[in-house]
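Straight from TrEMBL, the features:
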| type | residues | note |
| --- | --- | --- |
| TRANSMEM | 12-32 | transmembrane segment |
| TRANSMEM | 52-74 | transmembrane segment |
| TRANSMEM | 94-110 | transmembrane segment |
| TRANSMEM | 122-143 | transmembrane segment |
| TRANSMEM | 212-233 | transmembrane segment |
| TRANSMEM | 253-274 | transmembrane segment |
| TRANSMEM | 315-337 | transmembrane segment |
| TRANSMEM | 373-397 | transmembrane segment |
| TRANSMEM | 409-428 | transmembrane segment |
| TRANSMEM | 440-461 | transmembrane segment |
| TRANSMEM | 482-499 | transmembrane segment |
| TRANSMEM | 505-524 | transmembrane segment |
Amino acid sequence: MDFLNPNYKVRNLLVLNAAGFSCISLVVFLLATQPFYLSDVIGVPPEKVGSAIGTLGAVDELVAVIVAPLLGTLNDRINGWAWNHSRFPSGSRILELVSFSVLALSLLGYGQFATKLFPDLWFWRAIFAVGVSGCMSIVTVMLHEVNNSDFRWSHMAFWRTQFKNHGERLLDGNGELDTDNGGNNELPTVEDDVFRIEEGPTQQTNKKHGSLAALLGVSTGLGAVFSVLFFLTLPVRLSSWYPDLSSKESLQLSYTLLGYFSAVCGVVVVVFAYDCVKQRRLSGHTPDLELPDTTYFELLKQGLDASRNNLRIQLAYVAAFVSRSTAVATAVFIPLMVYKFYYNSGLCGAEDLQNSLKVRSDLPLKTSCYDGYIFLAILTGVAQTVALVSSPIWGILVDSKKLGSRATLAVASAFGMLGTFGLCLVGRGDVYDPRTATCFILVSLLGLSQIGTIIASMSIVSSVGQTVERTEHRVIGSISGLYSLCGGVGILVITIIGGRWSDHWVFGPFLLLGTFNAALAAVATRRG
């Protein structure tokens, strides 16, 4: 049985995880700094911040819902073009470059050009949504590539490679330099030697989907933790390094710097990402098997048909809805909870601090709500660390014969219900103080739920069409786009309803999320 994606290299796996790491770190930064950006840069009154966040979230997800399936199908169509033009990169490489470039443009817009909520932030948030949708949809495609490749975990141990007879491999039978070394028309490397370790071809269908999805979960979790520890505190550090910067200017500079970071990420990914079309061509696959001339809308229809006829894919779509909703809760509504506590309890205290120190009132105060920044970084950092540490466990559960992806989704949704309903119970007062051990535990449960549903659902999607003979791999981009679309719908629902509800009760979004998790548990445990 032929590998669907032959000659998969270690660097391809590393850049896949780097793409997820970078994208999530930028998303966490933008979402977590939203309350402070709206207040300090745009000048939105504190009592209107929740509604503004909900509105921007709605704009974001309306765009994502529209573009996600279209971008996924575009990946499949670009692959068709690449079959007809040998020098044309595969869809995943091109779209990752474009997506990170769009993210860079959006962050630069936030940092340099946005001055009003409408139309400025509406526009730049829509651009941001296009970039994130493209990046994460294609990350799912890239995960499918490695899950259905000749990659094995032993490939990571490149230091064990023996150099014996390495020189002989450089020459073909006629003594000429062999440039067709099963990869990218380049000289063999230590990494290439590892890929020549002989193992049975039947091992390509081994249970590695959960493990590789868990590795991606670790990478995205690290991205979130990295963002909390470094990106989220960047405005504070810039302000301390450059005392002349106001809180507004330090926020704007942070967005600008991260825009440049995103552009660099795009270049790295396009250079080192796996090219499925090129590798299949070098391995002798014929264009006829890939249907390179299928039209864009035919590919989209095939993706819809594959989803409609596969109950496992449908379960993954429901899990995507819940996991992305949970991501909003942890990245948007938990920061909003912290923001409202610090403002409503007077702990931001800009006016009191000015009066007590007799500082001129026309001077910008960089100390406004920076304690809130620090506590938010600690709270979300703990939650993301718990999720990060648990990622390998979720991968083991998914690959387990006794549990599998469905039971794993049920367990993850149970954690979600405990976290959300628990927050609703402890937060019944007018002002809830999140600086308690109970809050840290409940928020950590949300992190566990999010990473569990992500790993289980992505492992389901990545197991689709495992061989050349199966047709689903031709429309994996469309399936991944629909997966992202369902996640976008979840975010759209919780941001519109939850954002407006949070202006009256900050824990309203968590009650809504709890019902989503209950529905997922019911679907995952359903027979059939």
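A Cβ is built for glycine as well, from the same backbone N, Cα and C atoms used for every other residue.
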Run the contact check on the transmembrane segment (505-524) against the transmembrane segment (315-337): 3 or more C-beta pairs under 8 Å, excluding pairs closer than 6 in sequence.
yes
Considering only Cβ pairs under 8 Å, which range in 12-32, 212-233, 315-337, 440-461 makes the most contacts with the transmembrane segment (373-397)?
212-233
Determine which recorded stretch among 12-32, 94-110, 122-143, 409-428 has the most C-beta pairs below 8 angstroms with the transmembrane segment (482-499).
122-143
Test of understanding: applying the rule of at least three C-beta pairs under 8 Å (pairs 6 or more apart in sequence), is the transmembrane segment (122-143) touching the transmembrane segment (52-74)?
yes
By Cβ distance under 8 Å, which residues at least 6 away from the ends of the transmembrane segment (122-143) in the same chain are close to it?
16, 19-20, 23, 26-27, 30, 55-56, 59-61, 63-64, 67-68, 71-72, 75, 91-92, 95-96, 98-107, 109-110, 113-114, 212-213, 216, 262, 273-274, 458, 461-462, 476-477, 480-481, 483-484, 488
At a C-beta cut-off of under 8 Å, are there same-chain residues at least 6 beyond the transmembrane segment (212-233) that contact it? List them, or none.
13, 16-18, 20-26, 28-29, 32-33, 139, 143, 146-147, 254, 258, 373-374, 376-377, 380-381, 384-385, 387-388, 391-392, 394-396, 398, 451, 454-456, 458-459, 462
Distant-in-sequence neighbours of the transmembrane segment (253-274), which means Cβ under 8 A and at least six residues beyond its ends:
5, 8-9, 11-12, 14-16, 18-19, 22-23, 26, 29, 33, 89-90, 92-94, 96-101, 103-108, 110-112, 131, 142, 145-146, 149, 231, 234-235, 238, 245
Under an 8 Å Cβ to Cβ limit, what residues of the same chain, 6 or more beyond the ends of the transmembrane segment (440-461), are close to it?
140, 143-144, 147, 209-210, 212-214, 216-217, 220-221, 312-313, 315-317, 319-320, 322-323, 326-327, 329-330, 334, 379-380, 382-384, 386-388, 390-391, 394-395, 397-398, 405, 408-409, 411-413, 415-416, 418-420, 422-423, 426, 479-480, 483, 517, 520
